[in-house]
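One structure is given below, encoded as C-alpha coordinates.
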(Lines of atoms letter the chains of each structure in order from A and count residues from 1; the text may use other names and numbers.)
(Lines give C-alpha, C1' and ligand atoms only; values in the text may rest on other atoms or scores of the structure.)
Protein backbone atom coordinates (compact mmCIF):
# COMPACT_ATOMS: atom_id res chain seq x y z
CA UNK A 1 0.00 0.00 0.00
CA UNK A 2 1.31 3.44 -0.95
CA UNK A 3 2.29 5.68 1.94
CA UNK A 4 2.23 9.46 1.96
CA UNK A 5 4.29 11.70 4.27
CA UNK A 6 1.46 13.73 5.78
CA UNK A 7 0.77 16.66 8.09
CA UNK A 8 -2.19 18.87 9.01
CA UNK A 9 -1.71 22.62 8.61
CA UNK A 10 -3.24 26.03 8.12
CA UNK A 11 -2.04 28.34 5.38
CA UNK A 12 -2.48 32.05 4.79
CA UNK A 13 -3.02 34.64 2.09
CA UNK A 14 -0.44 35.78 -0.44
CA UNK A 15 -0.46 39.23 1.22
CA UNK A 16 0.65 37.83 4.56
CA UNK A 17 3.21 35.56 2.89
CA UNK A 18 4.71 38.64 1.18
CA UNK A 19 5.01 40.36 4.55
CA UNK A 20 6.73 37.29 6.00
CA UNK A 21 9.15 37.25 3.05
CA UNK A 22 10.09 40.86 3.91
CA UNK A 23 10.90 39.77 7.47
CA UNK A 24 12.94 36.89 6.09
CA UNK A 25 14.85 39.20 3.71
CA UNK A 26 15.74 41.48 6.62
CA UNK A 27 17.03 38.50 8.61
CA UNK A 28 19.10 37.25 5.66
CA UNK A 29 21.19 40.44 5.82
CA UNK A 30 22.37 39.57 9.34
CA UNK A 31 22.05 35.80 9.60
CA UNK A 32 24.29 33.76 7.34
CA UNK A 33 24.65 30.09 6.52
CA UNK A 34 21.02 29.14 7.11
CA UNK A 35 18.60 27.15 4.96
CA UNK A 36 15.64 29.47 4.40
CA UNK A 37 12.10 28.15 4.06
CA UNK A 38 10.72 29.10 0.63
CA UNK A 39 7.66 31.33 0.32
CA UNK A 40 5.58 28.47 -1.08
CA UNK A 41 6.15 26.39 2.07
CA UNK A 42 4.97 28.92 4.70
CA UNK A 43 2.33 27.31 6.92
CA UNK A 44 1.47 26.55 10.54
CA UNK A 45 1.64 22.84 11.33
CA UNK A 46 -1.14 21.57 13.56
CA UNK A 47 0.05 17.94 13.56
CA UNK A 48 2.76 16.00 11.78
CA UNK A 49 1.69 12.43 11.03
CA UNK A 50 4.61 10.97 9.09
CA UNK A 51 3.98 8.19 6.59
CA UNK A 52 0.26 7.42 6.26
CA UNK A 53 -1.36 4.82 4.01
CA UNK A 54 -3.09 6.71 1.20
CA UNK A 55 -6.35 4.80 1.75
CA UNK A 56 -6.63 6.41 5.24
CA UNK A 57 -6.79 9.98 3.90
CA UNK A 58 -10.57 10.06 3.11
CA UNK A 59 -11.45 8.61 6.55
CA UNK A 60 -9.06 11.06 8.20
CA UNK A 61 -10.67 13.97 6.34
CA UNK A 62 -14.18 12.89 7.37
CA UNK A 63 -13.20 12.63 11.02
CA UNK A 64 -11.40 15.98 10.98
CA UNK A 65 -14.41 17.68 9.35
CA UNK A 66 -16.62 16.45 12.20
CA UNK A 67 -14.02 17.36 14.84
CA UNK A 68 -13.76 21.00 13.72
CA UNK A 69 -17.38 21.58 12.61
CA UNK A 70 -18.11 23.94 15.51
CA UNK A 71 -14.91 25.99 15.18
CA UNK A 72 -15.36 29.40 13.56
CA UNK A 73 -12.93 31.20 11.28
CA UNK A 74 -10.46 33.39 13.18
CA UNK A 75 -7.62 35.82 12.59
CA UNK A 76 -3.93 35.10 13.12
CA UNK A 77 -0.99 37.51 13.21
CA UNK A 78 2.72 37.11 13.82
CA UNK A 79 5.33 38.96 15.89
CA UNK A 80 8.53 38.08 17.67
CA UNK A 81 11.36 35.79 16.70
CA UNK A 82 12.48 32.68 18.49
CA UNK A 83 14.48 29.52 18.10
CA UNK A 84 14.36 25.83 18.89
CA UNK A 85 15.69 24.24 20.99
CA UNK A 86 16.60 27.63 22.50
CA UNK A 87 17.02 31.14 21.13
CA UNK A 88 20.72 31.35 22.08
CA UNK A 89 21.60 28.20 20.08
CA UNK A 90 18.83 27.87 17.51
CA UNK A 91 18.65 25.01 15.02
CA UNK A 92 15.26 26.35 13.88
CA UNK A 93 14.41 30.05 13.61
CA UNK A 94 10.74 30.90 13.83
CA UNK A 95 8.21 33.71 13.80
CA UNK A 96 5.79 33.59 16.73
CA UNK A 97 2.01 33.81 16.71
CA UNK A 98 0.82 36.82 18.71
CA UNK A 99 -2.82 37.15 17.64
CA UNK A 100 -5.22 34.23 17.38
CA UNK A 101 -3.02 31.98 19.49
CA UNK A 102 -5.87 30.82 21.75
CA UNK A 103 -8.06 29.92 18.75
CA UNK A 104 -5.15 28.18 17.02
CA UNK A 105 -4.50 26.06 20.12
CA UNK A 106 -8.22 25.20 20.31
CA UNK A 107 -8.13 24.12 16.66
CA UNK A 108 -4.98 22.05 17.20
CA UNK A 109 -6.53 20.35 20.23
CA UNK A 110 -9.59 19.33 18.16
CA UNK A 111 -7.30 17.96 15.42
CA UNK A 112 -5.11 16.16 17.98
CA UNK A 113 -8.09 14.58 19.75
CA UNK A 114 -9.58 13.28 16.50
CA UNK A 115 -6.33 11.91 15.13
CA UNK A 116 -5.49 10.22 18.44
CA UNK A 117 -8.96 8.62 18.27
CA UNK A 118 -8.07 7.42 14.76
CA UNK A 119 -4.99 5.67 16.13
CA UNK A 120 -2.22 8.21 15.53
CA UNK A 121 0.29 8.73 18.34
CA UNK A 122 -0.51 11.70 20.58
CA UNK A 123 1.97 14.57 20.75
CA UNK A 124 4.34 14.39 23.70
CA UNK A 125 4.97 18.14 23.95
CA UNK A 126 2.44 20.96 24.32
CA UNK A 127 1.57 22.70 21.05
CA UNK A 128 3.68 25.80 20.39
CA UNK A 129 2.36 27.57 17.28
CA UNK A 130 5.13 29.07 15.14
CA UNK A 131 6.09 29.61 11.52
CA UNK A 132 9.51 28.22 10.61
CA UNK A 133 11.63 30.78 8.73
CA UNK A 134 14.98 28.95 8.57
CA UNK A 135 16.98 25.97 9.73
CA UNK A 136 20.67 25.89 10.58
CA UNK A 137 23.15 24.00 8.46
CA UNK A 138 25.60 21.54 10.01
CA UNK A 139 28.47 24.03 9.95
CA UNK A 140 26.47 26.99 11.31
CA UNK A 141 27.86 28.71 14.40
CA UNK A 142 24.68 28.52 16.49
CA UNK A 143 25.98 30.79 19.24
CA UNK A 144 26.63 33.65 16.77
CA UNK A 145 23.21 33.15 15.14
CA UNK A 146 21.56 33.12 18.58
CA UNK A 147 23.28 36.32 19.69
CA UNK A 148 22.24 38.13 16.50
CA UNK A 149 18.71 36.71 16.59
CA UNK A 150 18.12 37.84 20.18
CA UNK A 151 18.92 41.45 19.14
CA UNK A 152 16.60 41.61 16.11
CA UNK A 153 13.12 43.04 16.58
CA UNK A 154 10.33 42.63 14.03
CA UNK A 155 7.11 44.58 13.73
CA UNK A 156 3.83 42.67 14.07
CA UNK A 157 2.38 41.48 10.77
CA UNK A 158 -1.09 42.10 9.47
CA UNK A 159 -3.72 39.62 10.61
CA UNK A 160 -5.05 36.98 8.28
CA UNK A 161 -8.31 35.05 8.39
CA UNK A 162 -7.88 31.31 8.90
CA UNK A 163 -10.76 29.68 7.07
CA UNK A 164 -9.73 26.03 6.79
CA UNK A 165 -7.32 23.29 7.72
CA UNK A 166 -5.49 21.24 5.13
CA UNK A 167 -4.26 17.69 4.93
CA UNK A 168 -0.87 18.13 3.31
CA UNK A 169 1.49 15.80 1.47
CA UNK A 170 5.24 16.35 1.86
CA UNK A 171 7.54 15.08 -0.89
CA UNK A 172 11.14 15.21 0.32
CA UNK A 173 13.48 16.27 -2.48
CA UNK A 174 17.21 17.13 -2.48
CA UNK A 175 16.36 20.83 -3.02
CA UNK A 176 13.83 20.77 -0.16
CA UNK A 177 10.31 19.52 0.52
CA UNK A 178 7.43 20.08 -1.89
CA UNK A 179 4.04 20.47 -0.17
CA UNK A 180 0.74 19.59 -1.85
CA UNK A 181 -2.75 19.99 -0.42
CA UNK A 182 -4.60 16.65 -0.46
CA UNK A 183 -7.81 17.90 1.16
CA UNK A 184 -9.05 21.25 2.44
CA UNK A 185 -11.58 21.23 5.27
CA UNK A 186 -13.41 24.53 5.91
CA UNK A 187 -14.02 26.10 9.30
CA UNK A 188 -17.43 27.50 10.19
CA UNK A 189 -17.82 30.81 8.31
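Just so it is clear, glycine is given a Cβ too, placed from its N, Cα and C backbone atoms.
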Motif 'HXTX 1' according to TrEMBL, located in which of 35-38, 39-42, 43-46: 43-46
Motif 'HXTX 2' range according to TrEMBL, out of 130-133, 134-137, 138-141: 130-133
C-alpha spacing of residue 43 (active site, proton donor) relative to residue 130 (active site, proton acceptor), in angstrom: 9
Local backbone state of residue 43 (active site, proton donor), from DSSP in three classes: coil
Cβ contacts under 8 Å made by the motif 'HXTX 2' (130-133) with residues that lie 6+ beyond its boundaries: 20, 23-24, 27, 36-37, 42-44, 78, 81-82, 92-97
